[in-house]
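> From TrEMBL, for reference:
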- Glu451: active site, proton acceptor (ACT_SITE)
- His450, His454, Glu473: Zn(2+) binding site (BINDING)
- 159-344: domain 'Aminopeptidase N-like N-terminal' (DOMAIN)
- 378-596: domain 'Peptidase M1 membrane alanine aminopeptidase' (DOMAIN)
- 675-942: domain 'ERAP1-like C-terminal' (DOMAIN)
- Tyr535: site 'Transition state stabilizer' (SITE)
- 97-117: transmembrane segment (TRANSMEM)
Amino acid sequence: MIENSMFEEEPDVVDLAKEPCLHPLEPDEVEYEPRSSRLLVRGLGEHEMDDDEEDYESSAKLLGMSFMNRSSSLQNNMSAYRQNPNGSCSVPSTRTLVVCTVAFVIAFSLIIVIYLLPKCTFTKEGCHKKNHTMELIYPLATNGKLFPWAKIRLPPDVVPLHYDLVLQPNLTTLKFTGSVKIVVNILHVTRKIVLHSSGLNITKATITSAQGQQAKPVEFLEYPLHDQIALIAPEALLAGQNYTVDMEYSSNLSDTYYGFYKISYKDENSKQRWFAATQFEPLAARSAFPCFDEPALKATFLIKIKRDEKLSTLSNMPKKATTPVTNGIVQDEFFVSLKMSTYLLAFVVADLKNISRETNGTLVSVYAIPQHLNQVGYALDTAVKLLEFYQKYFFMKYPLEKLDLVAIPDFQSGAMENWGLITFRETTLLFDNSTSSARDKKLITAVIAHELAHQWFGNLVTMEWWNDLWLNEGFATFMEYFAMEEVFPELRSDEDFLTLIFKAMIKDALNSSHPVSSSVQSSEQIEEMFDALSYIKGASLLLMLKHYLTKDVFQAGIEVYLRNHSYGTAQSDDLWDSMNEITSGTLDVKKMMKTWIVHKGFPLVTVVRKGKNISVQQEKFLYRVEPENWTSDASYLWHIPLTYITNRCNFTHCTNAYLLDQKSAVIELPEEVEWIKFNVDMNGYYVVHYAEDWKTLIDLLKKNHTALSPKDRANLINNIFNLARLGRESLEKAFELIDYLNKENSTAPLTQALFQLSFIYSLVDKKGEQQLAARVMHRIEHLLGDKMDQQHWTDDGTLSERELRSTLLAFACTHDIRNCRTTAARMFETWMESNGTVSLPSDVMKAIFAVGAKSDDGWEFLLKMYFSSVSEAEKSKMIEALASTEDARKLIWLMQNSLEGEIIRSQELSHIISTVSQSLPGYLLAWDFVKENWEKLTRKSSHFLSQNQKRVLNCIV
């Protein structure tokens, strides 16, 4: 699954509140002191500081992080221990000694009574024999009887082999009925079969042995807290035998975006139509049919769906037959699936149209509602090219006969990788030649590449449990950008990946981060794994490993991994073992990579150059450390595959490597160099501090910035501002490094610099430091104003140039820099006078709409056009512009109506709230709205509150 928060239209740096918490600070964490404010003014124009340490500390406080003075923190902690004037500890009073002694005696006596009395366990009823402790272990079912299982994970006694599932959704009553026959194999003698069910009204349950004896009724128990049901057989179920469980049930189509859910949309005649679709990852298959809803419990599936003859159905496998049932109702039967996990099962019931093309024995089809069929051509071309690439790269054919890509009119996620039936939000699949921008094209390509990669990583080979979700999502994200570089090099996807890595590191630098592979049990813990760390950090670690092993060794390791675990499951160690098969002992990949997936955060590498000797030292990079939460750096030791280039040879083929597997080391160069740059092209997941060498690199950028690649320049900008936020470098020096930007023409360093500057502006603006905010904006205009003036209001140029134009002009119009608003307002007026018939350049459309929405007439016209537009790309830009108004009544109306979902689709809610949150008044308004509607949000969003909405809440709280 791909979260829409990661692949929504990238917000440039204008949309700071849309990011996955670019400033994830609690209100009491931000310290703004006059000294810090003065420091930024100095950083903008003055150049002398009285004390370097004060400079660094103030820089850190200005950027929202407390200066980490561990010695003072420890001293404050120790203040709880009273000392006499002579320095010795005072003696406790007699009363204190007596109270402590009595408490100890009582506690010790209780321990003796509870644990040392033989054959006795105490409950509220008194002493019971050990063989009666079931009441202490097992919970109560809904009927008041004991439920025979207490753990969240299912018992290991029974495994599913095959499901026969029959469903009949009714798009008039918005309910569905179903029946399921599950063939199970008994591993250990038992009388119970425990499986998952959520919100289903089960009316019949029987069990039949493999010998074909008559079906026998079973006792049915339900424990909703764990979404579990238990079927108690009338007699023991024998190990090694197969049995068939048969159940009938009914339920409502969900009104959330989770499970088997319903949505409505308007057809080309503005008539309301209903659409039923599924979203099962991670834990919602159980809400559509009783099942063993864990990823390792794979089985085959035979799906039959009864539907109105005017509609159509899709599922994972090709359709086998359609037969009449009753008047106007037919049943579609699909071929038996391959062995797969329940969360990958999918079905759609709707009125859809499609176009198709065959490649290498697989029929690729793209489906949409009829009025959007003319927008699916680019997706089909892209899917065919990427499918062909993946089959060649993996040396493994796509195993199904068909691959469907379906645009869902109202869909909370970005997309979902159901095997053979991938579902998409319309904005991530539909491309309109008139209104889709360069960024829209890149977004669609990225999401298709991600979901197609999942057909191998996640579907063919699945993580054994959700703690290793990164094996699915990290791999799919890595392959997404790698495939785009290989198949669509003109899209420059590496620049986007770099930006995502920078943003993931912001989250990973907090003490609230988590390891890539984390122990999870509950549904809440599982859902929280779907974040930037599983996706982006996981992908970053694979990128780092690929460059260290070399691309051929890495590719061979992937091939071994896929072949060894096809149609099965895997853990992280299985991947490292596959790589070790290829390295043949020359490198212990498992030993190296375990240091990256079991530790949260990432290292800070400090580099000191003395002659030919380069001293390197690692420590944990951490923005803020509270004394009670501080973790000793001694427990963190990464095996870091360092890469570096020098002035002697600064091309990619000259990259040098060194594995830093200890706290510090010395690298001896063949000769002295003028400069050295570590982490070549940001292919490693670490930050570098150059100590005294920052001045050398600053001078290099001023004299000859092209001596370093664009990604290396962006990396330096990112690192020095992060170090300023940490308090390890001065903000003055960070500003000095970006003084060269008037000579910069590459997208990556320009957007990274604008992001960092916008971050600072956002902090001081929301603090109400208007004079200081104005100084920051003046500095931005000084650095980038000429670049903004050079942009043309057209769609000309390379995709990279077009993206940069969109970013710079959107920022300039948002902050009223130069004559941006004048030009945008004139173009909006022309468009409005033509009643929306004049074509606007798609790359600057968002900036034009945002300026137009500032007037009442413009806002009302834009809302009217939003309702009539058939282009999802255009509607996305319109809704963002509508949410950027400063009129509080309009903002409340937008948020309320997107929550209700009648006029504005609920999928837009997170987009609207995050856009509203960008300004200080909107920030407070959005927070009030969330508080007032918390129950509705949690009920409506269900699982996705912990994804898109939670991302927004983290940023506005």
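Numbering starts at 1 and runs along the chain as displayed.
Note: Cβ is positioned from N, Cα and C throughout, glycine not excepted.
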> Taking the domain 'Aminopeptidase N-like N-terminal' (159-344) alone, what is its mean pLDDT?
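Across the residues of the domain 'Aminopeptidase N-like N-terminal' (159-344) the model's pLDDT averages 95 on the 0 to 100 scale.
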> Write down the Cα-Cα distance for Tyr535 (site 'Transition state stabilizer') and Glu473 (Zn(2+) binding site), rounded and given in Å.
5
> In whole Å, note down how far the CA of His450 (Zn(2+) binding site) lies from the CA of Tyr535 (site 'Transition state stabilizer').
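So the alpha carbons of Tyr535 (site 'Transition state stabilizer') and His450 (Zn(2+) binding site) sit roughly 11 Å from each other.
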> Using all protein chains in view, find how many other C-beta atoms are within 10 Å of the C-beta of the residue listed as 'active site, proton acceptor'.
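Total other Cβ atoms inside 10 Å, all chains included: 29.
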> In the same chain, outside His450, His454, Glu473, whose C-beta lies within 8 angstroms of the Cβ mean position for the Zn(2+) site?
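Checked against the 8 Å cutoff, the neighbours are Met1, Ile2, Glu417, Glu451, Ala453, Phe457, Gly458, Asn472, Phe475, Ala476, Thr477, Met479, Glu480, Tyr535.
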> So how many other Cβ atoms are close to Tyr535 (site 'Transition state stabilizer'), meaning within 10 Å of its Cβ?
29
> Near Glu473 (Zn(2+) binding site), how many other Cβ atoms are within 10 Å of its Cβ?
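29, counting other Cβ atoms within 10 Å of Glu473 (Zn(2+) binding site).
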> Radius 10 Å, atoms counted are CB only; among the binding-site residues His450, His454, which position scores highest?
His450
